[in-house]
Amino acid sequence: MTGSRPATAPSSRVLAGCAARAAGTVWRAAPAHVLAYLATTLVGAAGPVALAWLAKAVLDGVASGRAGVLPGLALGIAAVTTAGAAAAHAGQYLRAEVDRRAALRAKDELFAAVSGFPGLARFESPAFLDRLRLAQQSASNPGRLVDTALSAARGALTVAGFIGALVVINVGFTVLVVVSAVPALLIELRMSRQRVAMLWRIGPAERREMFYAQLMSTVDAAKETRLFDLGAFLRLRMLTELRSANAARRRTDRREFLVRASLAGTSAVVAGAGLVWAILAAGRGQLGVGDVSMFVAAVAGVQSALNVVVSAGVMAYEQLLTFHHHVAIVTAGPGLPVPERPRSLPPLRRGIELRDVWFRYSEDHPWVLRGLDLFIPHGDSVALVGRNGAGKSTLVKLLCRFYDPTRGVVLWDGVDLRDVPPETLRARIGAVFQDFVAYELTAADNIAVGDLSAAGDRARIERAAREAGVHDTVEALPAGYRTLLSRGFRPDQEDGTAEGVALSGGQWQRVALARAFLRHDRDLMILDEPSAGLDPEAEYEVHRQLARLRGGRTSVLVSHRLGAVRDAGRIVVLADGVVTEEGTHAALLAGGGAYARLFTRQAAGYRDDAQPTGAAR
Ligand SMILES: Nc1ncnc2c1ncn2[C@@H]1O[C@H](COP(=O)(O)OP(=O)(O)OP(=O)(O)O)[C@@H](O)[C@H]1O
C-alpha cells in the first residue's frame, strides 16, 4: 500500500476512517482545548444572527416610536459585540494550541511508524518517499480538520439562524439561495480532488528541487560543487524543477479562479434579485424598514455563511486526502514479513549458514547473489573479499536482515532469520558499516549511539573511545566529550557546550569504531571496511584491539586491504554472486587463485614503493 502510486482517490470509506483517526488524534492530544474552542465557536456563530435581530428590533422601535426599548437593545448589542470579539481572540489562541498539540502527536505517530520499519526497501522506493513527504506535510491536518469542521458548524449555525429570518419574509427566495449553493459544493469538491492529484504528480519534482537546494546549501557537497563550479548547473536544475511544479500549480489556480469567479457572479445575481424584490416590496408597503434591513442582512449572511460551509467542507476533504498518506504509512505494517509465532534467538553456538541464497534488490534489478552457500562458524573470524560490486555489503545486509533473501535462507544455529523478530537479531550484532553515520551530536552521544544503554555512562564511553584510539583526540576538543561534532548548529548555551568542530575522516572512522567497541560482547561483529581512512599505524593498532576484544567470538570482516584480512580464520572470495574461493590466507596463496593474484598485486605495490629506499641504502 505504501510503496505504490495511488492510482485513484481513496474511497469515501477510507476517508471516513482517516477522519475518525484524525479526530481521535486531536481529542487525545488536547481534549480541554477542543471543548473550549467549541464553546468560542458557538458564541462566534450566534453573534451575527443575534446582532441582526437586535438591529431589526432597534429599527422597528425607532419607526414605531417605542423609545423605551432602545437602551436595553443598545446594551444587548454592546454585550453581543464584546462577547463576539472576545470569542474571536480566544478562538485564535485555542485553534493554534490545538494545531500544535495535534501536530506533535501526529508527527510522533508517523515517525514511530517510520523508524519501526525493520527493512530498508521502503526507503529505496521513490513512491514511498513521495508519500512520506506528503505525510510529513499533513502532520498539522488533524488540528486543521477540527478547525475546518468547526468553521463548517459555525457557518451552518449562522445559515440556520438567518434562514429562520428569511423564511418569514420570502420562502421561495430562501429555497433559491440555498439550492444555488449545491452546484458550488459539487464543483469545489471536484476541484479539490484535482488539486490533491496535482500535488501528488508534482511530488517528485518538488523532492528533486529540495535535493538540488540541499546540495547548494550543505557543507557536505560544498567542496565538490565549488571546485567543479556546479553552482549555475545546480541552480538551473533546481529552478527547472520549481518551474515545472509552479506550472502545474498555476494551471490549477487559474482553473479554480475562473470557476470561483463564475460562482461568485451567480451569487451576486441571486443577491441582487433579492434586493430588487425587497425594495419593490417596501415601496408597495409590504415590508417595513426593519424587514428590509433584516432581509438584506439575512441574504448576505446566508450567502457568506454558505460559502464558509462549502469552503470548509472542501478544505476538510482536501485535508483528508493528504492525511490519507499519513494513515497509509502508520497502518502499513512492518514491510518485512513478521513471524506469526516468533522464535527466540539463543546465543550463537554453532554458526550462521547462508544456504543457496539468491538476492536482488527488486524484480527490476539484476541478481547480486546467485545461489550463495557460506558457513560462518561460531568463534571464527571470516573475511569477505572480492571486487567492487561483488556483493559483500549486500551479504552483510542480509546477515542483519535489512532484506530477506529472494530465495534460500539465512540460518542462525539452524533458526531461519525470518522466524525471529528483527530487533532480537540486531541486539545480538555489533557493526561498523562502510557508510557509517556522522551524527551532528556531541562526541559522547556519537559514541553512545552504538549502545544507548551507555549514554550517560562516561566510563564506558571513554573505554570504547580509548580502544578505538580516539580518546585523546576527543579529550583535546574544546569541550571534550561534550563537544558538538558538527559546525552546522550553534552550541547549546545552557549546556555550556563549546563551538562545534569538524573531525577528519580517520577520526570519524575511529568514532564509528568506538560505537562497535561498545558492542564488542555481541554474538556477531560485522566490520565493513572498518579501517578505511586510518593511517597504517592506527590500522594495525585497531586490528590488534579488535582481535583482542573479539578473541573467540564470531566476526565478519569486509576489506579491500588484504593485509588486514590475512589473519582471519577463513577468507572467502565472492565473485559472480557465489563463493569462488575459501580457506586460510596460506592455503589460498598456495592455491594460486584469484585471492593469491589480488594479494600478490597489492603486496607488489608496497614492495615497489619500498624498493628505492632499500636501493639507496
Ligand atoms: N540499495 C541498492 N539497490 C539496488 N542495487 C544495489 C543496492 N545496493 C547495492 N546494489 C547493487 O548490488 C551490487 C553489489 O553491491 P555491494 O555494495 O554489495 O557490493 P560490494 O561488494 O560491497 O562492493 P564494494 O567493494 O564496492 O563496496 C552492485 O551492483 C550494486 O549496484
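Glycine is treated like the rest: Cβ placed from N, Cα and C.
Among the features that TrEMBL reports, domain 'ABC transmembrane type-1' is placed at 34-318. Positions annotated as domain 'ABC transporter' by TrEMBL: 352-601. Taken from TrEMBL, the feature transmembrane segment applies to 34-55, 67-88, 159-186, 257-280, 292-317.
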Exercise. Does the transmembrane segment (292-317) reach the transmembrane segment (67-88), going by 3 or more CB pairs under 8 Å (6 or more apart in sequence)?
Worked result: no
Problem set entry | Positions on the same chain near the transmembrane segment (67-88), where near means CB under 8 A and six or more residues out | 40-41, 43-44, 47-48, 50-51, 54-55, 57-58, 61
Exercise. Averaged over the domain 'ABC transporter' (352-601), what pLDDT does the prediction give?
Worked result: 90
